[in-house]
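**Student:** In case it helps, TrEMBL gives these features for our protein:
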BINDING   Asn55, His60, Glu65  oxalate binding site
BINDING   His58, His60, Glu65, His106  Mn(2+) binding site
DOMAIN    10-160  domain 'Cupin type-1'
Amino acid sequence: MVLADDFHFSGLHIAGNTSNAVGSRVTPVTVAQLPGLNTLGISIVRVDYAPWGINPPHTHPRATEILTVLEGSLLVGFVTSNPENRLITKVLHKGDVFVFPVGLVHFQRNVGKWNAIAIAALSSQNPGVITIANTVFGSNPVIDSDILAKAFQVEKSTVEQLQSKF
């Protein structure tokens, strides 16, 4: 039986706690939080940023994202696919909108002295998120440090140090 609450979410008016290592907090409203989104192909998130906080490089394997700045200023960017791997960036201000194409690695950074807020809509009820550093250095079980050292062209000890942070 479907209920009205299956189509309602309350909480995007509440600031997320940005007291963490990256200085941001994402509050998602996907099918996991709002069952009524099932099969509709849309979701939304609120992102709160501390001064100089980041939403670290990540990708959504199943969704394009369109982000609107509500407060503050954000440096946003994405990287095109191989072989070009071109970085596309822009500083956004209140009211500005930017699109991150599906599957491309992208990020945001608050470039202001005060907190920033953005709302992003995604073209899937279950967009998924793959945070690059967490995925590469924090997998379980860990990716062999020899493989990562060769891939990133760094010493094995550097990889092991990074893995210890995740």
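In case you wondered, yes, glycine gets a Cβ from its N, Cα and C as well.
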**Student:** I need the CA-to-CA distance for His106 (Mn(2+) binding site) versus His60 (oxalate binding site), whole Å please.
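**Tutor:** One finds 9 Å between the Cα atoms of these residues.
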**Student:** In sequence order, which same-chain residues at least six apart have a C-beta under 8 angstroms from His58 (Mn(2+) binding site)?
**Tutor:** Val105, His106, Phe107, Val129, Ile130, Thr131, Ile132
**Student:** Across all chains shown, how many C-beta atoms besides its own are within 10 angstroms of the C-beta of His106 (Mn(2+) binding site)?
**Tutor:** 22
**Student:** Centre the Cβ atoms of His58, His60, Glu65, His106, go out 8 Å, and tell me which other residues of that chain have a Cβ in range of the Mn(2+) site.
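**Tutor:** Close Cβ neighbours, site residues excluded: Thr59, Ala63, Phe78, Phe100, Leu104, Val105, Pro127, Val129.
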**Student:** If you take the centroid of the Cβ atoms of Asn55, His60, Glu65, the listed oxalate site, which other residues of that chain have their Cβ within 8 Å of it?
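**Tutor:** Residues close to the oxalate site, other than Asn55, His60, Glu65: Val45, His58, Thr59, Ala63, Leu67, Phe100, His106, Ala120, Leu122, Pro127, Val129.
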**Student:** With an 8 Å cut-off on Cβ-Cβ distance and a minimum sequence separation of at least 6, pull the same-chain contacts of His60 (oxalate binding site), or say none.
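**Tutor:** The list for His60 (oxalate binding site) reads Phe100, Val102, Gly103, Leu122, Ser124, Pro127, Gly128, Val129, Ile130, given in order along the sequence.
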**Student:** For Glu65 (oxalate binding site), what is the tally of other C-beta atoms lying within 10 angstroms of its C-beta?
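**Tutor:** Excluding its own Cβ, Glu65 (oxalate binding site) sees 24 Cβ atoms within 10 Å.
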**Student:** So if I measure Cβ to Cβ from Asn55 (oxalate binding site) and keep only same-chain residues at least 6 apart in sequence, which ones fall under 8 Å?
**Tutor:** Val22, Ser24, Val26, Val47, Tyr49, Phe107, Gln108, Arg109
**Student:** In the predicted model, what is the mean pLDDT computed over the domain 'Cupin type-1' (10-160)?
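**Tutor:** Across the residues of the domain 'Cupin type-1' (10-160) the model's pLDDT averages 97 on the 0 to 100 scale.
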